[in-house]
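Copied over from TrEMBL:
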- 7-146: domain 'Glycosyltransferase family 28 N-terminal' (DOMAIN)
- 14, 15, 16, 128, 169, 200, 255, 300: UDP-N-acetyl-alpha-D-glucosamine binding site (BINDING)
- 193-358: domain 'Glycosyl transferase family 28 C-terminal' (DOMAIN)
């Protein structure tokens, strides 16, 4: 292998794609400190700010996703795709990577397609139990496909699949105490804590489900640490102003110290994104999952069912959340035997060495090419 290793990582759109990508980059850097790593994302998506904050350079492509409901709007999408292919070709030619890695999301399509055409090894990292459209299209030419769930041969060539799990942010494993977490968020140490996570962009259903049932918090001995999403924070803050239950609510648009948030939580309410599930599994957090209905092929329900089938999580359908979510969370958070069972079972789903295993596969591909 020539030094330093040169790696392009492409994809993004949501934290579920971005955080695994950054975890892979960090694992590469840990093993190869001199490695040159370039990210390629979609312009105007959250990776354009999150990746630089993690210490890596990123180039944006004007790519956008297809509109499945209003097909006539895809004319501009096709134009952006063509432009993105040309720009991706320029980026790959200039950077000259030893390998290109796709983590899903709009930008990984043009980048990996160009890399494959140029004879550069490509590795796909599929986070979900139901493969995304982009990754399914790229699979035929991919050199290796790292997956998080069993049974992915339904979507990908079996001989290319490696079960690694999803890489998680290592900062989540920091050695912090529950007392430190309570102080950081100004939580009441005498109350149990429900952590509500709507994903990196927030979740309207989760937010509404909490707001409509605030009265259940009265005399419950429970408080809520709540990541609501930037787009919802202002309205929720105003709405909480005249609510007596506001004293039990700790509202944030986005929580940067997720290690402390998870440590404080007795139970977590979350969407069923693959990245979130991987984090919850590693940390053995009792969890209620509310799959988003606004995702391709209903893949979050499939992610959630992989845990529910092993008694590793509770699932509530999105349409039932308003009537069932907060009441169920309050019941479970006080049930020590239920909390212990959920924690034990979700831990069996964890893949703590996922990032290292993916770097092992990267090494094999780069060495195979004699680079």
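We number each residue from 1, going along the chain as drawn.
Backbone N, Cα and C define each Cβ position, glycine as well.
Note that the structure is a prediction, hence the values are computed from the model and not measured.
Locations of recorded TrEMBL features on the structure.
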| residue | record | DSSP class |
| --- | --- | --- |
| 14 | UDP-N-acetyl-alpha-D-glucosamine binding site | coil |
| 128 | UDP-N-acetyl-alpha-D-glucosamine binding site | coil |
| 169 | UDP-N-acetyl-alpha-D-glucosamine binding site | coil |
| 255 | UDP-N-acetyl-alpha-D-glucosamine binding site | coil |
| 300 | UDP-N-acetyl-alpha-D-glucosamine binding site | helix |
Are there residues of the same chain, six or more positions away from residue 300 (UDP-N-acetyl-alpha-D-glucosamine binding site), whose CB falls under 8 angstroms from its CB, and which are they?
-> 128, 271, 272, 273, 289, 291, 292
Sort out the sequence-distant neighbours of residue 169 (UDP-N-acetyl-alpha-D-glucosamine binding site) for me: same chain, 6+ apart, CB within less than 8 Å of its CB, listed by position.
-> 19, 22, 23, 258, 279
Under a criterion of Cβ-Cβ distance under 8 Å and sequence separation of at least 6, what residues of the same chain contact residue 255 (UDP-N-acetyl-alpha-D-glucosamine binding site)?
-> 225, 227, 261
Among the binding-site residues 14, 128, the one whose Cβ has the most other Cβ atoms within 10 Å is 128
